[in-house]
């Protein structure tokens, strides 16, 4: 029982780490100040945003460090990198030190790398302590990374609402303090025998559902109060309330200790619950069933062809009447979910590149939009609403991440391939950019920001499960790092596109709409981002189409997996 309690303490500590280490999401809150103090162009500012995302390219270094160092040491190394990266930027912006632009670029890269190290620590904690409920633990904890900007907005407003530089100081110190708070649960991790018990998925599902409901309340609270204009005193009250909501899950370990008193009541509710969570063991069973089925069919056909399951999908032959469409959807098609792919095999898969383009033209473009919120608000004359827009994006990104767990809860009543959910999640992005291009009103800006946050948040959280299912759970750490290389590439390309359009309009726009502020060119007016929104809308449509093709190519594999899972349920029970 003590082991079960400590397991949930680990989950809560992971939530704290994720909630306070998404420091890249508040870049827009101080980007205008950074641009003014450093006297740099919009293109140079974009390179600094790219540097933070470029840290993801070096995310593999955290996995290498974990091979030789304890988890707690890796966590504090991540905190030290953030302290150095953001701390020196804070001193620079406040004119305590002077640094060349190239060193500032490296500091941004170091700060971005610290975020990847924190994420790796959280992934390892969830995988190790929740082997049965791994997808749900990852989905819940990753969701809180999206709410970081809202928490930092409340914290900054409670100290000094007029200081944008304060965000850099908080980014440097708060993750370090959070690491100290999470240290004790990490050092007291339960043995593996206590985390992997019979019927663990059913016993834990009510607790996970409770934590998700509490997370929704936390997101609504931050959406309402972090985005509202208030004085320092009220901001402190609101920030205190947010901390209480983050501490509230600590009651879960106490509930675990008391479970003996009402075990029968809880057990009966769990057994009759209508949702089922899928874990890695299901994938292994699916592989075994398909292997037996394929072996039997190969013997019976005797022609040496590789056949896969029902519906004839995966068959290399076929009638000539099934022309190019069938050839496209059947060529190099995934045979089963959970099949391990090495990096060399992965990059040869058409499905991977469809997935890569969908992410590149969907979630990544939403992240670049969040990096430009400060300049977008300034160009439209809404500089005072920058923190509100950052909070809006952060909160809806949080809700999107939480929604990524929906397929696991409702699969008994409504089943759809996870790649299908990914396609649905990409729909709001082109709609949002079309709305932003068509109107410069405050309402359009708010709705567009919320839709982009919701869409990108879902994609960021769902991508971990999709990568695991399509290309193998054991290869996740390598394959997912290959996938997210699209983030720094997209950050560079999309950000450069936005910056060049911005500066071109700042120079060529007629009238007195543009001005020089501290030697930095500032563009004012709707034209500053109009063409960028049009281009981003077109690119996001490409991502949507790529995701739709991925869904159509993988639908059979998901359907086959679901049939095998349902047929195996009596055996598993």
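Placement of Cβ uses the backbone N, Cα and C atoms for every residue, glycine included.
Residues or ranges marked as domain 'Nodulin-like' in TrEMBL: 7-253.
Taking the domain 'NFD4 C-terminal' (339-557) as a whole, pLDDT averages 85 in the prediction. Feature annotation from TrEMBL assigns domain 'NFD4 C-terminal' to 339-557.
According to TrEMBL, the feature signal peptide maps to 1-21. For the signal peptide (1-21), same-chain residues at least 6 beyond its ends with a Cβ under 8 Å from one of its own Cβ atoms are 75, 78, 82, 114-115, 118-119, 121-122, 125-126, 129-130, 137, 140-145, 147-148, 151, 174-175, 178-179, 181-182, 185-186, 188-191, 193-195, 207, 211, 246, 249-250, 252-254, 256-257, 259-260.
Residues annotated as transmembrane segment in TrEMBL: 65-88 (among others).
For the transmembrane segment (100-130), the list of distant contacts is 7, 10-11, 13-14, 17-18, 21-24, 38, 40, 44, 47-49, 51-56, 58-59, 61-63, 65-66, 71, 74-75, 77-82, 84-86, 88-89, 92, 136-138, 141-142, 145, 171, 175, 186, 189-190, 192, 195, 204, 464, 477: same-chain residues at least six beyond its ends, Cβ to Cβ under 8 Å. What TrEMBL records for 100-130 (among others) is transmembrane segment.
Counting same-chain residues at least six beyond the ends of the transmembrane segment (136-154), those with a Cβ under 8 angstroms from any Cβ of the stretch are 11, 14-15, 18-23, 25-26, 29, 119, 122-123, 126-127, 129-130, 167, 170-171, 174, 208, 211-212, 215, 218-219, 222-223, 225-227, 235, 238-239, 242, 277, 387, 390-391, 393-395, 397-398, 400-402, 404-405, 408, 453, 457, 460-461, 464-465. Annotation source TrEMBL lists transmembrane segment at 136-154 (among others).
Among the features that TrEMBL reports, transmembrane segment is placed at 166-186 (among others).
Only residues 6 or more beyond the boundaries of the transmembrane segment (206-225), in the same chain, are considered here, and those with a CB under 8 A from a CB of the stretch are 8, 11, 133, 136-137, 140, 143-144, 147, 150-151, 154, 238, 241-242, 245-246, 248-249, 252, 255, 266, 269-270, 273, 275, 277, 391-392, 394-396, 398-399, 402, 405, 409. What TrEMBL records for 206-225 (among others) is transmembrane segment.
For 237-258 (among others), the entry in TrEMBL reads transmembrane segment.
Residues or ranges marked as transmembrane segment in TrEMBL: 352-369 (among others). Note on the transmembrane segment (352-369): residues 49, 53, 341, 346, 393, 422, 425-426, 429, 449, 452-453, 455-456, 459-460, 463, 466-467, 470-471, 483-484, 486-487, 489-491, 494-495, 498, 536, 539-540, 542-544, 546-547, 549-550, 553 of its chain, located 6 or more positions outside it, place their CB under 8 angstroms from a CB of the stretch.
Here TrEMBL flags 419-437 (among others) as transmembrane segment. Residues 358, 362, 365-366, 400, 403-404, 406-407, 444-445, 447-449, 451-452, 454-456, 458-459, 462, 466, 470, 529-530, 533-534, 536-538, 540-541, 543-544, 547-548, 550-551, 554-555, 558 of the same chain, all 6+ positions outside the transmembrane segment (419-437), place their C-beta atoms under 8 angstroms from a C-beta of that stretch.
Per TrEMBL, the feature transmembrane segment maps to 444-467 (among others).
TrEMBL lists 487-507 (among others) with the feature transmembrane segment.
Counting only same-chain residues 6+ beyond the ends of the transmembrane segment (528-552), those with a CB under 8 A from a CB of the stretch are 329, 351, 354-355, 357-362, 365, 369, 372, 375-376, 379, 417, 419-420, 422-423, 426-427, 429-430, 433-434, 436-437, 494, 497-498, 501-502, 505-506. Feature annotation from TrEMBL assigns transmembrane segment to 528-552 (among others).
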